[in-house]
Amino acid sequence: MADRIAEDKAISGQPKNTLIADFDPPQKPKRNNFAIACSIMACCKKKIVGFDIGVMSGANLFIKEDLKINDVQIQILTGTLNIYSLIGSALAGRTSDWIGRRYTVVLSGAIFSVGAILMSVAPGYAFLMFGRFVAGIGVGYGLMISPVYTAEISPTLSRGFLTSFAEVFVNVGILLGYVSNYAFSKLRAHLAWRSMLGMGALPAIILAIGVLAVPESPRWLVMQGRLGDAKRVLNKTSASKEEAQLRLDDIKEAAGIAKDLDDDVVPVSKKSRGEGVWKDLLLHPTPAVSHILIAALGIHFFEQASGIDSVVLYSPWIFEKAGIKSYDHKLLATVAVGFVKTIAILVATFFLDRIGRRPLLLSSVAGMVFSLVCLGVGLTIIDQHRGPVPWAIALCITMVLLNVAFFSIGLGPITWVYSSEIFPLRLRAQGVSMGVAVNRLTSGAISMSFLSLYKAITIGGAFFLYAGIAAVSWVFFYTMLPETKGRTLEDMEVLFGKYHRWREAKVVPKHSKQGDGDENKSQVK
């Protein structure tokens with residue numbers, strides 16, 4: 001009744017009564033539980049990637065003892081999975097455009113489970129390397145497709161929160177790998193490492209089956225002209241039907257489909273299906289696409305070049321150099337690394353969409369530089385003393401924990417969130433696969449060179465080198481990466497194109513009234 005009276009007064013020109021409710025702040029859009037469930041299921045795929053990273057750090061100790069191999073062979077065994085994953089990530093972009101994002105996730109889990117079983121029954125080093133090759137292809141598929149699927153199914157205001165789940169599960173996987181190492185460390189050497197590696201097959205099979213319960217990416221469905229199916233998925237993953245329709249309109253525009261086409265199935269051009277993508281991405285890119293490509297490849301390169309794999313994969317070696325000698329104590333210390341890393345990633349998960357990508361990223365890298373320098377100092381002091389130096393040992397352990405914590409609150413999750421959200425729809429799968437390829441190539445180079453590097457320039461010198469690379473990355477991120485918080489995937493391209501002068505692009509952001517719906521189009525002045 002009060003609303004009716006107020007409306008009558010407005011029509012007659014009389015002053016409208018202002019209600020107390022009019023001064024209430026706008027309600028925050030509720031998170032869509034179905035979208036969260038879909039994202040969790042897709043991100044669980046990365047748990048097996050983390051499990052492999054964690055389990056190899058301990059399994060290496062027993063593989064070296066059982067197969068009587070040297071440090072160079074251990075480096076190659078550990079690092080080549082990242083090189084092999086290049087094959088998977090290179091194939092994943094085209095595969096996901098062909099069979100869909102969901103079935104690509106299933107394929108990834110199936111390939112990795114076969115690799116894990118092959119590794120667990122390997123009679124010798126050569127067969128073990130073959131198992132790593134198969135598992136590596138599965139890892140490459142998973143690393144590329146998980147963030148793409150999650151970014152494409154998530155509402156705008158929850159995209160950072162949901163996409164960063166992938167890194168949460170990587171850390172959970174690393175922690176479970178460390179725990180598995182400790183649990184099987186009591187077995188004889190030839191059984192211990194086989195049990196550790198074979199355990200990875202079980203979650204991979206379960207997750208491959210579980211992903212069949214989630215829907216296909218609505219953006220992939222639109223690219224195939226299946227508007228009816230896309231609308232049904234958007235209705236389930238949006239706060240309201242109005243928001244779902246606005247998201248659909250934005251996706252249709254990005255895919256080059258006329259807004260007035262509303263049939264369940266519509267014809268699409270070959271370009272919408274992925275034809276000519278490499279030409280637009282590499283041969284004749286626009287300034288905006290070139291800037292996006294540099295940003296995506298740069299953040300993937302620096303994530304690995306700053307040495308996180310050396311810390312995580314070779315933490316038992318680092319702790320041994322720091323003065324911890326027994327297997328049990330070294331493996332328990334690695335469990336502490338996994339625990340701290342997992343807790344820290346939860347901080348990033350809940351603050352990415354509140355604070356933004358840039359503040360967390362720059363703070364994270366600055367903390368990494370500090371911890372790497374201090375770790376280098378501590379290890380150098382221990383190296384130069386014959387006896388134990390308790391305070392330096394404590395410093396090294398603390399700095400290892402700080403390094404993984406700083407990495408996990410920013411650089412770790414933001415690399416995958418940022419690179420999966422900035423590419424235009426038609427270029428996204430192949431663009432992300434290029435980022436994953438750079439990530440894995442750099443990771444392989446770091447993990448295959450660490451033991452040789454620290455023997456050449458001392459272990460302290462190795463971490464001083466990583467600190468220098470991290471400092472360079474901070475400058476790159478500060479100058480080249482614009483903030484993307486709160487923008488729809490279809491609204492990203494306007495932020496890029498001016499490279500280090502990106503702040504000169506006066507972009508009018510979309511204003512959200514309901515979720516990521518009811519938005520006005522962005523304009524560049």
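Backbone N, Cα and C atoms are what each Cβ position is placed from, and that goes for glycine too.
Where the annotation comes from TrEMBL, it is an automatic prediction and has not been curated.
The feature domain 'Major facilitator superfamily (MFS) profile' is assigned by TrEMBL to 38-485.
Distant neighbours of the transmembrane segment (103-121): 42, 45, 48, 88, 92, 95-96, 127-128, 130-139, 141-142, 145-146, 149, 194-195, 197-201, 204-205, 207-209, 211-212; these residues of the same chain sit at least 6 beyond its ends, with a Cβ under 8 Å from one of its Cβ atoms. Taken from TrEMBL, the feature transmembrane segment covers 103-121 (among others).
Per TrEMBL, transmembrane segment is recorded for 127-149 (among others). With a threshold of 8 Å between CB atoms, the same-chain residues lying at least 6 positions outside the transmembrane segment (127-149) that come near it are 42-43, 45-46, 48-49, 52, 63, 67, 76-77, 80-93, 95-96, 101-102, 104-105, 107-120, 163, 166, 197, 200, 204, 217, 416-417, 419-420, 428-429, 432-433, 436, 439-440.
According to TrEMBL, the feature transmembrane segment maps to 161-179 (among others).
Per TrEMBL, the feature transmembrane segment maps to 191-214 (among others).
Under the heading transmembrane segment, TrEMBL lists 331-352 (among others). Within the same chain, residues 54, 57-58, 160-161, 164-165, 167-168, 171-172, 174-179, 181-182, 185, 311-312, 315-316, 319, 324, 360, 397, 400-401, 404-410, 412-414, 417, 485 sit at least 6 positions outside the transmembrane segment (331-352) and bring their C-beta atoms closer than 8 Å to a C-beta of that stretch.
Look at TrEMBL and you will find 359-382 (among others) tagged as transmembrane segment.
Look at TrEMBL and you will find 388-416 (among others) tagged as transmembrane segment. Same-chain residues lying 6+ beyond the ends of the transmembrane segment (388-416) with a Cβ under 8 Å from its Cβ atoms: 147, 163-164, 166-168, 170-171, 299-300, 302-303, 306, 308, 311-312, 315, 318-319, 322-324, 333, 336-337, 340-345, 347-349, 352, 357, 360-365, 367-368, 370-372, 374-375, 377-379, 381-382, 439, 473.
Taken from TrEMBL, the feature transmembrane segment covers 463-481 (among others). Among residues of the same chain six or more beyond the transmembrane segment (463-481), those with a C-beta under 8 A of the stretch's C-beta atoms are 291, 294-295, 298-299, 302, 305-307, 310, 357-358, 361-362, 365-366, 368-369, 372-373, 375-376, 379, 411, 418, 453, 457, 499-500, 502.
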Counting only residues 6+ away from its ends, which parts of the chain sit with a Cβ under 8 Å from the transmembrane segment (359-382)?
-> 306-307, 318, 321-323, 348, 351-352, 389, 392-393, 395-396, 399-400, 402-403, 405-407, 409-412, 414, 418, 458-464, 466-467, 470-471, 473-474, 477-478, 481
